[in-house]
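Presented below is the structure to which this report refers.
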Amino acid sequence: MASDLPVQMDRSSDDGRFSTERIIRRHTATDNRIRLPQELSLGRRKSTSDIGREKMAFLPTLRRAATLMFTPDKTIAKPPNTWRSIRAIIFSSWFNVLLVFIPISWAINFALPDQQSLIFVLTFLAIIPLAKLLAFATDELSIRVGQTLAGLLNATLGNAVELIVSIIALIKCELTVVQSSLVGSILSNLLLVLGMCFFAGGMRFSEQGFGQSAVQLNSSLLTISVIAVLLPGAFHMALQGQPAYSELSTDYNILKTSHGVAIILLFIYGSYLVFQLFSHKAIYQDSGPDIQQTKGYEGQNPWLQLRLYRRKKAKLAQSPSLACNDEVAPNATVSGEGSDLEHGSASMEDTEVEPDMSVPVSLGLLVVVTVLVAVTAEFLVDSINGLTASGAIGKEFVAVILLPIVGNAAEHVTAVTVSVKDKLTLSLGVAVGSSIQIALFVIPFIVTLAWIMGKKLTLLFDPLESIVLFLSVITVNYVVQDGKSNWLEGMILMCLYLIVAVTFWFYPGTSGIFAC
């Protein structure tokens, strides 16, 4: 090898330097040519081992993500004992007064089985406090986990009532009630619950900001679910009137299409969970670059002024002599309360959270309430036909409007409460997230369950229900696209829900093409 490398050192010093550099480069190139096959073989062995190490490295990453997901945002104080937890359940809400209707409705169902209208009213009132207790137990579990998982927990357990009612109606072959109640649950969450969140938050803040990226993604998911609902109807309408139209063959193809679409929707929902809980959970937090800044009212809050005026008027009516003593500077009073309203939640950010119940009591409450809801919901579903037989109220109105109001009571209270505390991202996670869960999980799950049970439940919904659902999703998409909310937008959504309710009050409905 030395003979192949001529060395010329008799030149000038610069030429000698250049010759030396050429020698070094040639040595390096030669060594590289000699060691190239060995390095390639080592590289191949290294890449194979790296693949295994990368696979093993994914597990700790997944474990860290799960740990962060179950880590609460605030410090949790020592939980109370069992007696204090039970006492907290009893005095958690004035809705618990309605718990007396549980034994009354059960007794009337067995003693007077022909009084279907009375049974429906009593069971309707009995499920409302059960949904509130379900929300109370869910909140107690939510404070012990991260914010993203808390929103998922509220949406999941908030839909437990709808899921139980749908399964019971499916078992009893009430396919129209199953479809209408699920569509009504989406409408109730998107219009009524979200509208009340915007309105309640708008009474304390001029504008509230939320995560625009997460909301637009949720709107896309809702649009996909609406398309899945509209396509079977378009399938059925496109073939009607054709010379070779066969209703039996078309119905069979729609049923098979619904089964395939249901499986695809379940896969989309699973991907959504991975996206929300692991890969992109940061966009579902309250803090982010795309979240608009919440703004208070400039000057005096008009809603606060109205409340103070009513309070002062009531005080003057009780004690007119206190009129002179209560003369205070209105600006000072409003400023103090307004600043407390706008920054009240921020002052409590660093304090620890004191739970009302222990974890075992919370889990026990969930189990007991779920059993009570299942039994009461069975009586409720049995009484629907007797209630609507007289014609005074339609089955469509009962399934689309009344049943979802009972089922959404849990997330309704939770979403409105956190929106007033300027946690609008969490409110959207509960309201819109609940709608996504019904559209992408509950509906395809019920269709798949009916497939297993041999029931002919499809995604061919009532035409009016499908159109109303489509228009509602479009309206909500327009409302949330700017990443801000105010009280007027909330009123618009609530008024749209009232329009839908009036429409379904007079809508007789259509008979399903499939018999159970």
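In case you wondered, yes, glycine gets a Cβ from its N, Cα and C as well.
Taken verbatim from TrEMBL:
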{"type": "TRANSMEM", "residues": "88-112", "note": "transmembrane segment"}
{"type": "TRANSMEM", "residues": "118-137", "note": "transmembrane segment"}
{"type": "DOMAIN", "residues": "118-277", "note": "domain 'Sodium/calcium exchanger membrane region'"}
{"type": "TRANSMEM", "residues": "149-171", "note": "transmembrane segment"}
{"type": "TRANSMEM", "residues": "177-200", "note": "transmembrane segment"}
{"type": "TRANSMEM", "residues": "221-239", "note": "transmembrane segment"}
{"type": "TRANSMEM", "residues": "259-278", "note": "transmembrane segment"}
{"type": "TRANSMEM", "residues": "357-377", "note": "transmembrane segment"}
{"type": "DOMAIN", "residues": "362-505", "note": "domain 'Sodium/calcium exchanger membrane region'"}
{"type": "TRANSMEM", "residues": "397-418", "note": "transmembrane segment"}
{"type": "TRANSMEM", "residues": "430-453", "note": "transmembrane segment"}
{"type": "TRANSMEM", "residues": "459-480", "note": "transmembrane segment"}
{"type": "TRANSMEM", "residues": "487-507", "note": "transmembrane segment"}
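Taking every recorded stretch in 177-200, 221-239, 357-377, 459-480 and counting its Cβ pairs under 8 Å to the transmembrane segment (487-507), the highest total belongs to 177-200. Secondary structure by DSSP for the domain 'Sodium/calcium exchanger membrane region' (362-505): 118 helix, 2 strand, 24 coil. Long-range Cβ contacts of the transmembrane segment (177-200) within its own chain (Cβ-Cβ under 8 Å, at least 6 residues beyond either end) map to 159, 162, 165-166, 169-170, 208, 222, 229, 381, 384, 395-396, 399-401, 403-405, 407-408, 411-412, 415-416, 419-420, 424, 427-428, 430-432, 434-435, 438-439, 442-443, 446, 457, 461-462, 465-466, 468-469, 472-473, 475-476, 479, 485-487, 489-494, 496-497, 500, 509, 512.
Simply put, out of 88-112, 118-137, 221-239, 357-377, 118-137 has the most Cβ pairs sitting under 8 Å from the transmembrane segment (397-418). Simply put, out of 118-137, 259-278, 357-377, 259-278 has the most Cβ pairs sitting under 8 Å from the transmembrane segment (430-453).
The transmembrane segment (88-112) is in contact with the transmembrane segment (357-377), judged by 3+ CB-CB distances under 8 Å for residue pairs 6 or more apart in sequence.
Here the transmembrane segment (221-239) has long-range neighbours at 183, 190, 245, 250, 253-254, 257-258, 261, 264-265, 268, 272, 432, 435-436, 439-440, 443, 458-461, 463, 466, 469-470, 473, 476-477, 513, meaning same-chain residues at least 6 beyond its ends whose C-beta is under 8 angstroms from one of its own. Counting Cβ pairs under 8 Å that are 6 or more residues apart, the transmembrane segment (118-137) and the transmembrane segment (357-377) reach 3 or more and are in contact.
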